[in-house]
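Here is what TrEMBL says about this protein:
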- 157-570: domain 'Major facilitator superfamily (MFS) profile' (DOMAIN)
- 156-174: transmembrane segment (TRANSMEM)
- 194-216: transmembrane segment (TRANSMEM)
- 228-245: transmembrane segment (TRANSMEM)
- 251-271: transmembrane segment (TRANSMEM)
- 283-303: transmembrane segment (TRANSMEM)
- 315-337: transmembrane segment (TRANSMEM)
- 389-413: transmembrane segment (TRANSMEM)
- 419-439: transmembrane segment (TRANSMEM)
- 451-471: transmembrane segment (TRANSMEM)
- 477-499: transmembrane segment (TRANSMEM)
- 511-531: transmembrane segment (TRANSMEM)
- 543-565: transmembrane segment (TRANSMEM)
Amino acid sequence: MSSRGQTSRHSSFITAFRSHVLSYPQRLHPSPVLSIPRPFWPAKKDVYNTIRQEAVFRPTLRPSNRLSVNPIPLFSSYPSTMSKTSDIVLTQVPASQLDAEGQDSKAVESLQRVESARSVVLDELAKGERVSYDDLPIIEYTDEENRRVLRKLDSVLLPLTMIAYTLQYVDRSAMSYAAVFTFRRDLHLTSDDYAWLGSVFYLGYLFFEFPGSYLLQRLPLSKTMGTSILIWGALLMCFAAPRSFGGAAAIRTLLGCSEALVTPGFVLLISRFYRREEQPLRVGLWYCCNGAGSFIGALVSYGMGHITVARVPRWAWIFIFNGAITLIFGSIFIWLCPENPQTCRFLTAHEKRVALERVRSNKSSLAGKQIKWYQVKEALCPWIDPQGWAYVLIVFSLSLPNGGIGNFLHLILQPYGYTAFQTILIGLPQAAMQVVFPLSGAIIARKVPGARLYVLMAYMLPSLVGVIIQYRTRNSGALLFGYYILGSYVAALGVCFGAPGSNVTGYTKRVVVGAMIFISYAVGNIAGPHFFISTEHPPYRSGMLACIVCFAATIPMAGLLRLYYVRENRRRDALTAGNEEEVGDFSDRTDIENLSFRYVL
């Protein structure tokens, strides 16, 4: 951009700032000055200097404990009671100096207008997420303001993440629906070929996990995720074209690459907008959309299976229809999804400040484009912080069964005499249970303090019973019951996927731990399908045995992780005993560095 363009932009920005601040009536309370903190990047130096020359603020503390900020002309020198490096100095004003109720209400309005003006400054300077939030003063907000901001965030972010996750599961499992038609015969697939088509998706997922994590840190988060949604929608439509294993395997691998950004990106997105205690329910809500996707995918496949067009097989319409819907949604996602609280177009300027203040207690940075190698080391070294590798082992023990069940779920019933359409319809209750399990688990984790890892362990039990039934009995009623409760383990996966947002701080460390978890998820899903052998009698007996071992091993691992968290929290309580509790900030410190941080159980 030319220097003339920059000057014009800065001039319009200064004009907007004046209209918000300099038009306020001046007050005569003799109290110190509030200066505008200097931005840490040099490119905006001229903007900062111009603002500083125009106005500074005079704060006072009213008996109601609300901060009242009044603009005054710039003093030629600082009062002796204030350090030049201070941003805010508060003085206690006697009640006798205050006017009646009407003047107090004007003070509150003045605060909101000045904070709104400050948000305009931040909004202008925060383009590209380069702003530092460390110097923001702590402001008070009411419960009503908190609820209003939370409702607005939920009204935009939850539909976007839930619809995206629903479409992701529908698109990922579309091949398993196509398999109950003539998909395997038309592509001349053997049993091993079909298993490898399930695995190569996660090979792409595995290959692109670290590059994708790098992109999520370096590029705008919401735009990167939206672009990946568009790419996977286009690739899914292309999956209707191949008539051989090679072409299908290539597209499935690219699909895995494009979807590798979605879940890690959503974890980072949720951690930017919600408090730690609010995150499990939100993660559970969009993760339960796996079940919604299974339910919707079954109905779409049932409908698409009745389309008859010359030289176009019925299963091809499943990919064409689902891919087209994903392309439309990807465009909407890019348009609506914000980067951080300060870029929410649906919030007012004051509500943006409240949204930022809400997540101060997370004691974590909102973003960071610089890779900090000591945080990478902290994430990768179990003798420094073992929680990342604990989640790697737990997620692997969950994802290995997931890889087999996800690809062969709709084929498990076929050997018992059901037609293609009957298999799809009989699977609908199982899809509904995949909504019930993660949603109920998320609600319990939100309502009951210290229950997250207990939820993980408890929700392993129905899945363990289900696979034991599949392994041990041939009774059709019992098999159907076991089939319906197989999916309870997805609630445990939801707890694991939300862990980086809740129990890992330091932006680089959070990205690395998230990548480790999803690499483990990909490796398990790659190996899982190869345990399910259709030629066995009874079918898939080896796969069910592998599920029994993995589900049983998950429970003690989660118990040990919880014991580690409890011990670490007690150790930190002892070290910080007698110290004043920190309010929280947006500094980029890790959970190991910050002794005031407590792990969520």
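Heads up, the Cβ atoms here are built off N, Cα and C, so glycines get one too.
Whatever TrEMBL says is automated annotation, not expert-curated.
Comparing 228-245, 389-413, 543-565 for CB pairs under 8 angstroms to the transmembrane segment (315-337), the maximum falls on 228-245. Between the transmembrane segment (543-565) and the transmembrane segment (389-413), the number of CB pairs under 8 angstroms, six or more residues apart, is three or more, so the stretches are in contact. Under 8 Å from some Cβ of the transmembrane segment (228-245) lie the Cβ atoms of residues 164, 167-168, 171, 174-175, 186-189, 193, 196-197, 212, 251-252, 254-255, 258-262, 265, 312, 316-317, 319-320, 322-327, 329-331, 333-334, all in the same chain and six or more residues away from its ends. Highlighted: of the candidate stretches 156-174, 251-271, 283-303, 389-413, 419-439, 251-271 has the greatest count of Cβ pairs under 8 Å to the transmembrane segment (194-216). Per-residue pLDDT, averaged along the domain 'Major facilitator superfamily (MFS) profile' (157-570), amounts to 85 for this model. Most Cβ pairs under 8 Å to the transmembrane segment (251-271), among the stretches 156-174, 283-303, 389-413, 419-439, belong to 156-174. Here the transmembrane segment (389-413) does not touch the transmembrane segment (283-303). Their Cβ atoms form fewer than 3 pairs under 8 Å, with each pair 6 or more residues apart. Same-chain residues lying 6+ beyond the ends of the transmembrane segment (451-471) with a Cβ under 8 Å from its Cβ atoms: 280, 394, 401, 412, 437, 441, 444-445, 478-479, 481-489, 491-492, 495-496, 502, 540-541, 544-545, 547-548, 551-552, 554-555, 558-559, 561-562, 565, 600-601. Using a Cβ-Cβ cut-off under 8 Å and counting only residues 6 or more beyond its ends in the same chain, the transmembrane segment (283-303) has close neighbours at 158, 161-170, 173-174, 177-178, 180, 266-267, 270, 318, 321-322, 421, 424-425, 427-428, 430-439, 441-443, 445-446, 487, 490-491, 493-494, 497-498, 501.
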